[in-house]
């Protein structure tokens, strides 16, 4: 082992001591090795190296980025510093706690700081030079500074130990104007998200996610605000200081839409367009969801974002209208899922499970092919895109493809339900709306930008079934 990892009392924050190979010629040490870091539990990717030089007595800090938060590997190549970090990770048991350590050319210690911390240092010797690797890019538009001498944080800079007086400290003009910790919390304590359609399965999943992550949000169901009431939504954004709008509302009764097209277009078409324009006026991002039903099903391979839509139903046409209107705004994120299901509200899978308790036989169509989309996975993917400031059009569904019959057959097999399950054809049900026979979505674009693979639909079903057992 070429690295010794020392705990600090703050989760994820470590002091690293590299192994030194020295002789009469000098020394050699390995500063970073991806596999070595991985072996001690630090599986990180560095994308930027910084080199800083400072006079004795310079104090820099406390710096952070509210987005593109940077994890850092900090070491001193000349001189010495007293390095200080503050844990600002929402939900952390040590939120608001600071930690300090002396790093120097002589002790050759390094400090690994995970993303979500503010960072600063005091230089203890003349012409001190620091090199630090970062896990994300420098993003000045999200840069924030907290006062080095904030009364609530009460950082002990060890001035007496190092022979300094507070009047000796050299600050930049920018750092002298840093805000207090209280001001930071009031202004930057995460996002403040407006969730529209909060009573639906996707809206409820977002609420659970935000509760877990301790992210502020305002949840509005249809009874609170109609998504077509743009003036009311504007009022909420202004009064609640909303920083992001997520539209989970939708007119989702595919058959009824054929005879109630006006309302369907108002909710699925005009509302997302108008809300996107409203978000543009506030300079905040907007998220909305479309559907695989924007395609006609004539293709024999999964649909990509570049394929030309050709919806067969009023529902599909209204969704296409909404996504086009939303995408006119450069900070809109439009995601097309398929066959959404989750544990927190009603959906096709839960309905069929309930039918199985009441009926002797259930018939499910086997000539509609796509893939289920688990709300839990969809919410996490959405948030990962937002954290990376990624907007535009993306497909998302769980991996693999199946018919509705295949989906329910798998569910019944997992829950050991012995009811008679028969396959049927779509034409046997005399539905008002036409549905695509094949609408599997190609999700490789979103996998590429997120750098991770989406779970299979069977894995998603397994997790869903485990979840509903607990409810």
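From the backbone N, Cα and C atoms, a Cβ is placed for every residue, glycine too.
TrEMBL annotations:
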ACT_SITE  63  active site, proton acceptor
ACT_SITE  132  active site, proton donor
DOMAIN    192-468  domain 'RmlD-like substrate binding'
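According to DSSP, the residue listed as 'active site, proton acceptor' is assigned to a strand segment.
Residue 132 (active site, proton donor) falls within a strand when secondary structure is assigned with DSSP. In sequence order, 49, 50, 52, 72, 73, 74, 75 are the residues near residue 132 (active site, proton donor), counting only same-chain partners six or more apart with C-beta under 8 A.
Across the domain 'RmlD-like substrate binding' (192-468), the model assigns an average pLDDT of 92.
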